[in-house]
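Written below as structure tokens is the structure these notes are about.
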Amino acid sequence: MIRIAALNASSTIEDDHEGSFKSHKIQTKEAQEAEAFALYHKALDLQKHDRFEESAKAYHELLEARLLREAVSSGDEKEGLKHPGLILKYSTYKNLAQLAAQREDLETAMEFYLEAVMLDSTDVNLWYKIGHVALRLIRLPLARHAFEEGLRCNPDHWPCLDNLITVLYTLSDYTTCLYFICKALEKDCRYSKGLVLKEKIFEEQPCLRKDSLRMFLKCDMSIHDVSVSAAETQAIVDEALGLRKKRQALIVREKEPDLKLVQPIPFFTWKCLGESLLAMYSHLTTCEPPRPSLGKRIDLSDYQDPSQLLASSVVVTPVSVVQPSPICTNPTVAVAEPVLSYTSVTAASFPLHSPSLLDTGTPMGDVSGGDKSKKGVKRKKTVEESGETAKRRSARVRNTKC
């Protein structure tokens, strides 16, 4: 028998299965959202009644929910948080940070705040909280970044502006500090912190008074005449200087001992020293973090040569040289005898035809003169031997100017 079936029968069956699958998926997603929001409201209610531990546990359980784990940010700030999972995740991170800050766990609070700001960086209040926690942790560069980002979100946010001025003065960035002081004085010409720190900066760097003159043209001219009480001035300056001292105290580190060789030097040879240094370099570059700096000193006092210490302890007495007096007319120049070992020389060792070499008044050449000592001793001529030749030479006049 011949069976006849419609051509679109199979496609109809497939459409029914696809429709039922989609409806099941939608119902599952709606169920996930309902479950996640119910858990979030439960955590909020526990936090409202000061049951902080139970509330934090509920928030962490919410972060493990499927809806929040599958929510991924697109990275576009203009798009905002449209996915319900991202909205819940953002709020959960902020609430966990608040709970950590209440129990003075500032490090954990900072971590949660940073996780939240990675999802949405358009909230000025979140940036202010990050800056406030950074100030308590004495992380001034991070506090500066947070307050500046807060002012980008809302230029009229006064708490960010007020704290940013203090941070900039503490970091000694006086030019930028004067810029934001100017912005604050344009809004309030009697802003005491701006007036005090402005004059304090001009005292420390007088050249900035002239350089920043154009900057304050839009401000009310009364800012140059308003006086602040001495007590308030001292409190404002002490706040900034106190932050500066705390930051300087954190920068100072305890002196660490010098490194020791991981491979001892068995013999005092260049090869053993090179192998030991190569082993030390390999250790420093492959050891577990935190790794020591390659610029640290290596203690080699165990390999110090004792003979070197003995040689350095010997004191060498300098040889004194008698300088000739400029007004002395005696042609004989007194030269100190060099400290050298010599053997006694007898008269028999010289030839008989040169007895004048044994004359004690004859100046001997410099013994340490190198090649000059090899030329023999120059014989001193007397007046009798020279005769008229000496007279002619003495009568000869030389033109010293030529």
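The backbone N, Cα and C atoms fix where each Cβ goes, glycine too.
Keep in mind that TrEMBL annotations are predicted by a computer and have not been checked by a curator.
Sequence annotations record features per position, and here TrEMBL assigns compositional bias 'Basic and acidic residues' to 382-391.
Annotation source TrEMBL lists compositional bias 'Basic residues' at 392-402.
Annotation source TrEMBL lists region 'Disordered' at 356-402.
When Cβ-Cβ distances below 8 Å are used as the criterion, the repeat 'TPR' (90-123) is approached by residues 40, 43-44, 47, 52, 55-56, 59-60, 62-63, 68, 73, 77, 80-81, 129-130, 133-134, 136-137, 149, 153 of the same chain, each at least six residues removed from its ends. The repeat 'TPR' annotation in TrEMBL covers 90-123 (among others).
Using DSSP to sort the residues of the repeat 'TPR' (124-157) gives these counts of helix, strand and coil: 27 helix, 0 strand, 7 coil. TrEMBL lists 124-157 (among others) with the feature repeat 'TPR'.
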Long-range Cβ neighbours of the repeat 'TPR' (124-157) (under 8 Å; 6 or more residues past either end): 94, 97, 101, 106-107, 109-110, 113-114, 116-117, 163-164, 167-168, 170-171, 183, 187, 243, 246-247, 250
For the repeat 'TPR' (90-123), residues assigned helix / strand / coil by DSSP: 27 helix, 0 strand, 7 coil
